[in-house]
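Engineer: I'd like to ask some things about the structure below.
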């Protein structure tokens with residue numbers, strides 16, 4: 001390539017220019033088609049289930065949580081639909097990017113989509129963890145400050161934040177490039193200049209979201225265990241709290257397993273200044289895609305309504321679980337007392353005292 005051709009080469013083709021050598025092991029049309037179809041179908045089913053649940057829902061905190069879940073499902077659905085359709089089309093048609101997209105507009109769009117739909121689930125998971133943390137640890141403050149419109153506003157703000165990050169390469173912070181085997185575009189993972197800044201920003205935002213989710217969910221679970229081991233007067237609402245926390249923890253675990261390899265790989269590649277290992281990048285990207293496929297099944301399967309249908313004879317209320325495992329309550333009390341410290345420990349003592357005072361009248365046999 002001579003100097004004039006190099007100067008006229010669009011940025012997205014400046015590092016790698018199609019067509020690439022098409023190697024079957026790392027780029028399979030069947031793999032992309034199956035993943036995209038399965039993910040789109042799963043998210044569509046989950047969205048239908050969420051809409052039906054939202055219409056029947058009377059619990060206020062649960063309705064807020066369903067709005068976040070709906071935002072997550074819509075994000076995963078659109079991400080698979082947009083990026084999957086481009087990848088599958090390439091595998092079946094083998095179009096030439098230089099002819100179809102000579103000015104890199106299409107490549108930039110796909111790169112932005114990859115970043116946007118990649119960061120949104122992680123940011124939404126962290127936001128959901130914050131919402132559950134406030135709902136469990138600060139219920140009175142949250143009940144007065146939160147409404148459905150504000151919850152929708154929070155989802156929109158997450159989308160806006162992810163969109164702003166995805167737009168940075170278009171203003172010079174980072175750059176989107178065609179990636180081998182030629183079916184997709186992504187930002188350039190490099191240890192030089194603005195590409196290094198954007199690579200580290202993407203990795204930092206993703207890993208920070210996972211860490212925040214882990215910390216907040218851990219505190220919420222410990223608090224919820226303590227509350228659930230108390231009196232039965234709020235049994236119904238607490239059952240909803242437990243169900244939401246189980247779903248949120250599973251979403252966090254899936255996101256961590258799916259995204260951590262890719263995020264760590266990006267940071268490691270930047271800091272080590274080693275050449276990009278394309279096969280590892282594709283492998284970790286497929287791991288990340290699993291997040292969009294598995295997320296909807298968390299809500300589809302892990303609901304009390306589903307458990308009751310699978311095993312209708314079992315009473316899924318907390319009281320029955322305590323009856324099956326009588327040692328669980330005392331173990332949880334000791335754990336939460338040591339974990340939560342002074343304030344929660346004093347509340348625990350207060351509840352125990354009330355229980356001791358009321359127990360004689362409760363257990364008194366009739367004359």
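Going from the start of the chain as shown, residues are counted 1 onward.
Just so it is clear, glycine is given a Cβ too, placed from its N, Cα and C backbone atoms.
Caution: TrEMBL annotation is automatic and unverified by curators.
The feature compositional bias 'Polar residues' is assigned by TrEMBL to 352-367. The annotation domain 'G-protein coupled receptors family 1 profile' is assigned in TrEMBL to 42-299. Residues or ranges marked as region 'Disordered' by TrEMBL: 342-367. Here TrEMBL flags 29-51, 63-89, 109-130, 151-178, 198-225, 246-271, 283-302 as transmembrane segment.
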Engineer: Under a Cβ pair cut-off of under 8 Å, which of the recorded stretches 29-51, 246-271, 283-302 contacts the transmembrane segment (63-89) most often?
Structural biologist: 29-51
Engineer: Taking the transmembrane segment (198-225) as the first stretch and the transmembrane segment (29-51) as the second, find out whether 3 or more Cβ pairs fall under 8 Å, excluding pairs closer than 6 in sequence.
Structural biologist: no
Engineer: Considering only Cβ pairs within less than 8 angstroms, which of the stretches 109-130, 151-178, 246-271, 283-302 has the most against the transmembrane segment (29-51)?
Structural biologist: 283-302
Engineer: So, taking each listed stretch (109-130, 151-178, 283-302) in turn and counting its Cβ pairs to the transmembrane segment (246-271) that are under 8 angstroms, which one gives the highest count?
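Structural biologist: Top-ranked stretch among 109-130, 151-178, 283-302: 283-302.
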Engineer: Do you know the mean pLDDT across the domain 'G-protein coupled receptors family 1 profile' (42-299)?
Structural biologist: 86
